């Protein structure tokens with residue numbers, strides 16, 4: 001340590017008289033001390049206030065610059081030294097050195113900046129604002145054969161790409177081409193993993209997604225999948241997952257997805273289809289998720305259903321009734337739900353037996369699977385009266401829906417269960433379905449649904465309750481009274497925030513329940529006529545007209 005103290009004193013003198021030779025020997029001594037005991041040497045450097053001397057030594061023309069940058073990189077490995085490095089003003093001169101042509105200077109400068117800014121989003125954001133991203137991308141292109149420099153750039157990209165503010169700058173460079181070019185040259189697993197770690201956060205940006213697709217990254221990913229699909233080594237399994245996950249991520253961008261779909265004739269689309277019948281669960285998952293992503297517009301959905309993709313998904317689901325891989329179940333159901341959105345697909349999918357296969361997962365205890373199962377059935381029966389009646393009279397289904405309507409720990413499942421319960425009634429308009437729902441104890445949940453914070457759910461509930469009242473008021477009377485339906489309707493009509501549709505359907509329902517003596521008494525006791533008469537002046541003509549009709553009905557039966 002005495003030698004170090006002496007060297008630091010000499011460095012102080014050397015930095016003032018710019019004697020390069022004297023400085024070089026002091027720097028060598030510092031590097032040796034840091035190699036022997038980094039923490040202790042760093043503390044000594046801090047104690048003797050050496051850091052503020054270093055900016056003047058970070059000169060592109062100075063031969064000792066690589067050593068100074070190396071010392072900073074070593075010192076900044078210690079967390080307690082990072083703030084002092086910033087306070088000493090080291091970041092601006094280091095950023096300037098990234099314009100150097102000396103590869104050793106570039107390497108040590110990159111290490112120094114990386115260590116100073118390690119795990120600090122604010123410092124990384126500062127680097128982004130100082131324009132390091134375009135500089136580093138250019139360096140990657142120029143020095144792609146220098147392994148150490150390439151790795152330094154990749155590590156920097158991996159850290160900076162985590163920040164949302166970096167994406168716009170990356171998108172303005174040719175990073176996609178550089179990374180794809182670099183990936184194509186790699187044979188080692190570790191190097192490919194480093195590039196993947198940069199690609200994944202970058203591919204979250206839609207502009208960069210398209211750039212990556214145009215640069216040929218998909219072909220690289222498909223090649224990785226082909227080489228690793230049958231591999232049993234841990235690194236093969238990891239690469240297969242990373243490549244297929246990245247493929248799915250690229251399909252989340254509308255433009256990149258459509259470019260790869262190519263009207264359903266794209267080679268990439270065809271390759272992804274071949275993953276679904278695979279025996280590899282990771283590929284099955286990626287294939288199903290890819291189909292779900294391709295199925296984000298009606299044109300693609302119609303083409304895929306006509307091309308027979310539904311059958312592939314049903315076969316996949318059948319394989320997982322027993323095997324029970326939850327992620328694959330969830331992905332396949334997601335794909336079916338999306339495919340069922342266009343009206344022309346619904347009857348085709350019902351004829352293919354989609355509802356029957358989906359019902360096999362009714363006993364699943366996994367909320368993600370329950371959620372997608374419910375959404376798929378709801379999409380399938382939309383405007384399909386026969387299917388709605390068939391499912392709505394399925395006692396086991398209705399019983400399960402009523403059970404899930406109480407799943408307070410899983411709001412998504414609870415909401416979808418309510419919506420499907422309502423949809424079965426609304427689309428079937430069947431007295432048998434209404435009776436099944438009443439017997440299953442579903443009425444109280446529809447009344448609660450009418451108080452939802454989501455207007456669309458309120459409206460769906462009110463329409464379903466109106467149909468129950470119209471088709472079998474006598475059977476529903478007890479449940480209507482027990483769930484305080486009339487009181488709920490009074491609140492909806494009195495609330496100025498209620499949408500016009502809600503007010504309209506609430507009045508329709510009031511008129512419908514007047515045929516029940518106990519409900520009629522409740523209506524009278526709550527002075528509905530006062531609330532309704534005010535609505536005659538409502539700005540919405542449909543609401544004001546219905547208010548007049550409802551008022552007449554209330555007056556006639558008072």
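Just so it is clear, glycine is given a Cβ too, placed from its N, Cα and C backbone atoms.
Marked as repeat 'ARM' by TrEMBL: 89-131, 308-354.
In the predicted model, the repeat 'ARM' (89-131) has a mean pLDDT of 94. Outside the repeat 'ARM' (89-131) by six or more residues, the chain places 51-52, 54-55, 58, 60, 65-67, 69-70, 72-73, 76-77, 82, 139, 143, 146, 148-149, 152-153, 155-156, 159-160, 162-163, 165-166, 169 with a CB less than 8 A from a CB of the stretch. As a summary of secondary structure, the repeat 'ARM' (308-354) carries 39 helix, 0 strand, 8 coil according to DSSP.
Using DSSP to sort the residues of the repeat 'ARM' (89-131) gives these counts of helix, strand and coil: 30 helix, 0 strand, 13 coil.
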